[in-house]
Amino acid sequence: MARYIFITGGVVSSLGKGLASAALGALLQARGYTVRLRKLDPYLNIDPGTMSPYQHGEVFVTDDGAETDLDLGHYERFTGRPALRDDNITTGRIYQEIIAKERRGDYLGATVQVIPHVTNAIKDFVLSGTDGVDFVLVEIGGTVGDIEGLPFFEAIRQLGNDLPRSHAIYIHLTLLPFIPSAGELKTKPTQHSVKELRSIGIQPHILLCRTDRTIPREERRKLGLFCNVRESAVIEARDVQSIYDVPRAYHAAGLDQEVLAAFGIEPAPKPDMSRWNAVMERVHNPEGEVTIAIVGKYTGLKDAYKSLIEALAHGGMANRINVRIDWIESEVFESDDPAVYLDHVHGILVPGGFGQRGAEGKILAARFARERKVPYFGICFGMQMAVIEAARSLAGVKDANSTEFGPTKEPVVGLMTEWMRGNELQIRAAESDLGGTMRLGAYRASLAPHSKIAAIYGATEISERHRHRYEVNTAYRERLAENGVIFAGLSPDGLLPETIELLDHPWFIGVQFHPELKSRPFEPHPLFASFIAAALEQSRLV
């Protein structure tokens, strides 16, 4: 039977519960255990698919087409285990399912209440699909004391009693702020956070304390005494240079050993940290550096591009170099010369996005890369803008545009209305709801045998994750090909363009999918490894 680890947070948000969960999962894997990680999100949205990136950050898409929290990206990157739709749930989705049951009469006339109906739905979610797994790590979003989170805290409290003894523990992540004027770390915020947690019936077994310095022995003793935990269970979570050093740091602090002790697992299997050591050797000893410009529209919040940032770092690891990112708001190119911002960079990446704002700036970035022979990587919207630029500048389609921006005489990019999901035909229309109506999840693509992208993958059949509502119009395929822009990848039925590449260019590739979602520190995605290698070559020319 699986053992359950519940990770909660206190004092302030954004302390890194997702990263802590992922790191602990990786440490348990290093000891030979199997893990599954899940995230409970207290907000009322069904999923983050329609939320602003500035509100929520990145939407992480799973193979089975779920739009989920960005923490699931951490889970995948650290453990290598693909996340699924059933690894993330929100209050909105729970309420939606409960109300649907009530309308069907499933509750047989009972009064539907938070306890037991909502809490039971949460418990059912946590316990489902865990056969054959040694540990299930469950992260609860938000901080203790949030009104939205109360049903989730009540549910995990009940689970602590429902499960057999020594099958559930609670880890509480808190902040130990350093007060310069006093010259010391303060434990009172953590004490109050634990007091709040205990008031709803949860006694943490382990405290994971975020800090930028060593926790003195006296402060550990104080936290153990007033928070009712063992002194050895007060774990120091120091800031580190790279997120990929977190597993090693937490192991050195004794987190995984304390978790196994809390479950009564002794003697504990010794961990194999060799692959984490190998990753960090590459991070700490780069043999060069390249600068990549990310030309986007959500550059004010880096979490909007979390998987992209990590995939570029993985590409750097593959080439043993450091990747420096220049963040550029695409709108500036609509009034300023792109050369001022791009002359010094070694590669240009235009990521996914939605809407007309900043689109012309992305088109200008693609033009700069094409004309100056700078490596260009267009992802999703970035591929579409590159095709529009090529249609206008190379194929003579002066009015080329996307129907996403309004009616156009030359719809080089248009709304997808039909596509196949396995054996099922998916149909969408302009008036469809925004939520859950995109082409989502993993789809296969066929690559042209002698194309650059097929050489990069070392294969002609691939599967990648998608999240888009618009597509490049195949009616323009021949005109573009005549001018050196080829559709190197198509859906298996040949109807949907998946990749484009420019023939007369050292590295100019656009993809309709999101390869960043499948990159891992131990297995850098081949497209990012190749893109960074091309940028390295460019750095020797500049």
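Quick reminder: no glycine exception, Cβ is built from N, Cα and C everywhere.
Computed from a predicted structure; not experimentally measured.
The record from Swiss-Prot ties ASP146, ILE147, GLU148, LYS186, THR187, LYS188, PRO189, THR190, GLN191, LYS222 to CTP, and of the options SER13, SER14, SER21, SER335 it ties SER13 to that site too. Just one of ARG282, ARG469, ARG477, ARG479 is listed by Swiss-Prot for the same L-glutamine site as TYR54, GLY353, PHE381, GLY382, MET383, GLN384, GLU404, and that one is ARG469.
Swiss-Prot names SER14, LEU15, GLY16, LYS17, GLY18, LEU19, ARG238, ASP239, VAL240 as ATP ligands; from the candidate set ASP63, ASP64, ASP69, ASP71, the record adds ASP71 to that same site. CYS380 (active site, nucleophile): 21 other CB atoms within 10 A of its CB, across all protein chains.
GLN191 (UTP binding site) and ASP71 (ATP binding site) have their C-alpha atoms 27 Å apart, to the nearest angstrom.
The CA atom of GLY382 (L-glutamine binding site) is located 53 Å away from the CA atom of LYS222 (CTP binding site). Residues SER13, ASP146, ILE147, GLU148, LYS186, THR187, LYS188, PRO189, THR190, GLN191, LYS222 are the ones the record ties to CTP, and the longest Cα gap between any two of them is 31 Å. Among the recorded positions TYR54, LYS186, THR187, CYS380, HIS514, GLU516, none has a Cα sitting within 10 Å of the Cα of GLY16 (ATP binding site). Residues TYR54, GLY353, PHE381, GLY382, MET383, GLN384, GLU404, ARG469 are recorded as binding L-glutamine; their most distant pair of Cα atoms lies 23 Å apart.
Considering other CB atoms within 10 Å as the measure, the emptiest surroundings among the binding-site residues ASP71, ASP239, GLU404 are those of ASP239.
Nearest neighbour of CYS380 (active site, nucleophile) by Cα distance, taken over the binding-site residues SER13, GLY18, ILE147, THR190: GLY18.
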